[in-house]
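Q: Quick one: structure below, then a few questions.
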Amino acid sequence: MAAVNCHFFQLSRHLKPSRPSFSCSASQPSQNNIKVIINGAAKEIGRAAVVAVTKARGMELAGAVDNHFVGEDIGLLCDMEEPLEIPVVSDLTMVLGSISQGKEVGVVIDFTDPSTVYENVKQATAFGMKSVVYVPRIKPETVSALSALCDKATMGCLVAPTLSIGSILLQQAVIMASFHYNNVELVESRPNAADLPSPEAIQIANNISNLGQIYNREDSSTDVQARGQVIGEDGVRVHSMVLPGLPSSTQVYFSSPGDVYTVKHDIIDVRSLMPGLLLAIRKVVRLKNLVYGLEKFL
């Protein structure tokens with residue numbers, strides 16, 4: 001609901017004495033606000049993003065796109081106190097067209113699917129809109145194609161393997177520790193078995209590979225499946241567990257004789273990703289090319 005601002009005006013003393021007069025007008029959203037379109041708005045993370053963007057300073061929700069719940073008010077779908085008067089639509093192009101006519105700064109958040117993300121960013125770019133992409137399992141060749149597209153169009157795009165600031169801090173701590181320990185194993189738990197090892201686990205293993213360190217020299221065998229999967233050529237072992245009911249958890253164990261260093265991070269709720277998402281929105285509007293990884297802005 002728009003806020004109402006009331007301004008009082010005292011009449012000049014040179015005129016006839018009179019009571020003060022006032023006028024009221026419903027305030028409109030600032031023209032400087034970042035207009036945000038959420039593609040995949042009906043998903044759990046999309047709904048959390050709707051709430052976060054609506055409450056954030058300097059940005060406003062301009063569109064909700066999804067193939068499910070078409071026609072429903074996105075505010076009511078997200079259990080907000082009042083409707084946002086923004087219906088869910090299935091046509092991204094229609095929303096992009098309405099925003100681009102106002103020549104306002106716009107960002108499309110993409111929570112969709114690896115198979116559609118390139119076309120989504122291409123459409124957003126054609127309408128002069130920046131993109132934030134959080135699509136697990138996105139292929140490296142897709143990222144390369146997006147990078148070429150953004151370079152040609154001089155348009156910003158942020159591809160984020162994770163929006164979790166805690167996860168990024170864990171990865172940074174792991175890289176630092178890898179220079180001081182020769183033994184490392186990663187244990188993760190996920191509520192479902194959609195992707196194992198998870199993209200995050202693979203990224204952590206890749207981050208600490210090719211740093212001139214060979215890990216777990218005394219147990220380099222890959223014959224025993226119970227010892228986990230070796231990722232990369234430097235011996236990083238990953239153990240993946242599927243435990244419904246528990247939070248998504250990542251633990252990295254480093255050890256040397258008489259010393260164990262453990263780094264752990266849990267994601268209990270999708271809302272934990274929202275600070276990272278809002279940071280991504282604020283940073284991508286200044287970009288003129290593709291940047292891979294939210295950690296570039298921490």
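Cβ coordinates are placed from backbone N, Cα and C, and glycine is handled just like the others.
Got these off Swiss-Prot a minute ago, pasting:
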{"type": "TRANSIT", "residues": "1-25", "note": "transit peptide"}
{"type": "BINDING", "residues": "A160, P161, T162, L163", "note": "NAD(+) binding site"}
Q: According to DSSP, which of helix, strand or coil covers T162 (NAD(+) binding site)?
A: coil
Q: Using all protein chains in view, find how many other C-beta atoms are within 10 Å of the C-beta of L163 (NAD(+) binding site).
A: 24
Q: List, in sequence order, the residues of the same chain other than A160, P161, T162, L163 whose Cβ lies within 8 Å of the centroid of the Cβ atoms of the recorded NAD(+) site.
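A: Neighbours within 8 Å of the Cβ centroid, excluding A160, P161, T162, L163: Y134, S164, S167, I168, L273, G276, G293, L294.
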Q: For P161 (NAD(+) binding site), what residues in its own chain, 6 or more apart in sequence, show a Cβ-Cβ distance under 8 Å?
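A: Once residues fewer than 6 apart are set aside, P161 (NAD(+) binding site) is near P136, P199, E200, Q203, Y292, G293.
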Q: For T162 (NAD(+) binding site), just count the other CB atoms lying within 10 A of its CB, please.
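A: Within a 10 Å radius of the Cβ of T162 (NAD(+) binding site) lie 21 other Cβ atoms.
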